[in-house]
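Heads up: the structure comes next, in structure tokens.
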DNA sequence: ATCCCGAGGG
DNA sequence: CCCTCTGGAT
């Protein structure tokens, strides 16, 4: 098997064929809505998030609205996405910072986004890539798992995975590459019982045929 | 039982 | 590195 660096161009070509117009499946209209949706998506399916956001965004429209909302009421809106106390608190505190420090707008740089409580690197890069067209590698559970299976890294630490992928993937492709790995993780390369038989990336994958047992 | 587009804290 | 926070889906 070739080195990771040699396989990356082939991998990218296959992913482009497989998932030509990849994008987030979260529903949103504004950067603020995307920020909130991304915060709700932790340990929760996008589909579930999209079930709660219509009512949520109808009730709260501005960062000020979220910041001054009744905590209990906000919790009820986001309850079914799990971690609802943390999520409601983080959304509220993040929006408080938006109002106090960023004029009520979602900032457009990674460093500023990371100042918002509840927004980690994964979510910040999501907002950058999807709302502001700024390339970012988003290392979630899928991107981490697939990167390891595909032999792009052996690291567990999401930050190390992120930097390894940044070195491996051309910057303009960072956002698309992330979405493509996520889609492939959801549809084929599952955490448990990956469908290696029907995986079109199998010829690039060192893991195929190796201990896929339990 | 185990996983889902995580983040923060120890 | 580990743990906790949480409900829904499979």
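Cβ atoms here come from the backbone N, Cα and C positions, even for glycine.
Annotated [4Fe-4S] cluster binding site per TrEMBL: A:189, A:196, A:199, A:205, in sequence order. Annotation comment: TrEMBL describes A:40-187 as domain 'HhH-GPD'.
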Structural state census, the domain 'HhH-GPD' (A:40-187) (DSSP three-state): 102 helix, 0 strand, 46 coil
Per-residue pLDDT averaged over the domain 'HhH-GPD' (A:40-187), given as an integer: 94
Cβ-Cβ neighbours of residue A:196 ([4Fe-4S] cluster binding site) (radius 10 Å): 17
DSSP three-state assignment (helix, strand or coil) for residue A:196 ([4Fe-4S] cluster binding site): helix
Protein Cβ atoms within 10 Å of residue A:199 ([4Fe-4S] cluster binding site), excluding its own: 18
